[in-house]
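Following: one structure in structure tokens, then a few remarks.
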Amino acid sequence: MNSRIHVIHGDITTVAVDAIVNAANPSLMGGGGVDGAIHRAAGPELLEACMTVRRQQGECPPGHAVITAAGRLPAKAVIHTVGPIWRGGEHNEAQLLHDAYLNSLNLALANGYQSIAFPAISTGVYGYPRAAAAEIAVNTISEFITRRASPEQIYFVCYDEETTRLYQRLLTQQGDQ
């Protein structure tokens, strides 16, 4: 099962997959962290696409996802999802984070994408504890792919060594069950 899930230490903006996931803010207008990096690398086309989505449906609430073209990125599309802001764990954060991953996967599936790359959603300025967020990510994706043939390849693209090791350890433990 886990042969479809991979961990990469690197820059998500350089990964050549069908879709990359952007840990966006509700405005979809770019920001800090991975969101800002994706917007900078994609160029003005991405901001224009996000503005079109905003005009059509307004902001993207936590747990939801929308899809746009990828601009100058090597990916075909960007799936923008909004993870929850960590507020101590008593405000439905786990469910919202699960939904962010699940809705991103469903958009990839609906668009026929066979490969998708995820950052560690909500673990930057949104403050979600890394280990808890990684467990939700791995469990959500593993459960999704056990029932579906697509996407064929899923990548967790981790910006730092500590997060990379965390995802590798979780996937190894899951493979042992």
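Heads up, the Cβ atoms here are built off N, Cα and C, so glycines get one too.
The annotation active site, proton acceptor is assigned in Swiss-Prot to D35 on the grounds of sequence analysis. Sequence-distant neighbours of D35 (active site, proton acceptor) (same chain, six or more apart, CB under 8 Å from its CB) are N22, A23, A24, N25, listed in sequence order. DSSP classifies D35 (active site, proton acceptor) as helix under the three-state reduction.
Cβ neighbours of D11 (substrate binding site) (same chain, under 8 Å, six or more residues apart in sequence): A37, V157, Y159. D11 (substrate binding site) falls within neither a helix nor a strand when secondary structure is assigned with DSSP, and so counts as coil. The substrate binding site feature in Swiss-Prot is assigned to D11, I12, N25, G33, V34, D35, S122, T123, G124, V125, Y126.
Taken from Swiss-Prot, the feature domain 'Macro' applies to 1-175.
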Cβ-Cβ distance under 8 Å to Y126 (substrate binding site), same chain, at least six residues away = A23, G83, P84, I85, W86
Residues that sit under 8 angstroms from V34 (substrate binding site) by C-beta distance, when 6+ apart in the chain = I12, N22, A23, P119, G124, Y159
